[in-house]
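First comes the structure, then the notes that go with it.
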Amino acid sequence: MDKRTILAVVLSLAVLFLYQTFFVKPQLPQKAAAPQQSIDSIKKDKALTSASPQEKETVLEKPAAPEESAKPEAPSRDILVETPHYTAVFSTRGGALKSLKLKDYYQDCYDCTDDLWPKIKRLFTGSKDPIKPKTKEFVELVDVQNGMPYPLTVTFPESSTSISPNAAFETATGKLDLINAKEKQQLVFSRSHGNVKIEKIFTFDPAGYTIALEVKVHNLTSSPITQVPVINWYQSVDPQKVDDSYGHDGPAVSAGGSIERPEVKKLNGESILGPNVLWSAYESKYFIASLIPENPSLTNVVITRDANNMVCVGTKGRKEVIPGGQNSIFSYSLYLGPKQYDLLRALGVGLENAIDFGWFKWLAIPALYILNFLYGFVQNYGIAIIILTTIIKIIFWPLGNMSYKSMNEMKKLQPKIEALKEKYKNDQTKIGQETMALYREHKVNPFSGCLPMLIQIPVFFGLYK
């Protein structure tokens, strides 16, 4: 390997390192890998029992996009759920998710003490602005403003009885601690109103990021009723910041064999997707909050954005006629966590396709497996990327060396080519013929300098994705 090749490798690594440091928002480092899960592994455990008072229901005209004036019906209470991988807070207001923080991932902090950029900025600009102390905040998947409904509320449009997303539920559970648990545990919310009783049963698995959700509707009368459930994920957004060159931040739906990603800033009125919905989600570049319905063929998704930039992804289930004295169960699976390819693929519904690998997916996925393999040894994605890039440069060194040699040969012929241009300056055809003859005489291919470099381009695009 000559000096120029070594210099090229060093410069390439330096450029990659600087680009990753200053321009690319890196994936937050994972502290511990979570085991794979499958939908079939989420077993139904015995539901906890709880009594619910008879309360007055509020009929909602648009369950998927409730009015801002909707208020909680009673003082709410929080229920803390601790697992090895996340801390979740549920509320009796809507029997819904108030907060979910991922323990294995930290928020970005680009202006903190331990970061290089603020120090460089002070060096070159003379800035005396104080550098913020380094703080580690876990990634939060829930983002709602005051007065907004919480994610995972259930509403019932086109139904005999509907409820507000802020309706008060009850639960007998005060806290769930799954830190050292071996078995799944349940959190049950219930609410009664005249002719129906609604139960929301969340089943938590300490092994990962998947949560089972059952919505059970009991018909307390002797006559049949009709219910259509909608599970709503609410998110507060800034339309000017949700989409950038680094990825999509907004709703995503797998319906009819393709993935739709409506742009939040272009949402006007209702955007309806489906049927055949395999999953619906609200995603960022590295994380996803997704819902997987039990019956995709009978599922639609309604996406809305109101004047206060509250986005709602409403997953609408089948219309169910419930005979008197009986109940109906609507089942879902939730994945609330990182876009980790092996975990998403293990769910078996194509959720791994939420990761946008671009045109070079066939190269990006093998590179991802190798990257994760290297990470297992060095425990640092930055170092793993540098090692992988070095390996790729070594593999392509013969092609690169061929390119450098060809360019050197072309440089040697340049004076003779210039002489031909001067000699036949009035005859372009003759210049071309004599130039090609010169290439043949010296066994030089004018394309051999570019072709090896072109072959490497898809590999590095795949590595970037």
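Backbone N, Cα and C define each Cβ position, glycine as well.
Residues 383-400 are the range that TrEMBL records as transmembrane segment, among 5-22, 383-400. Taken together, the residues of the domain 'Membrane insertase YidC/Oxa/ALB C-terminal' (381-465) have an average pLDDT of 76. Across the domain 'Membrane insertase YidC/Oxa/ALB C-terminal' (381-465), DSSP classifies residues as 70 helix, 0 strand, 15 coil.
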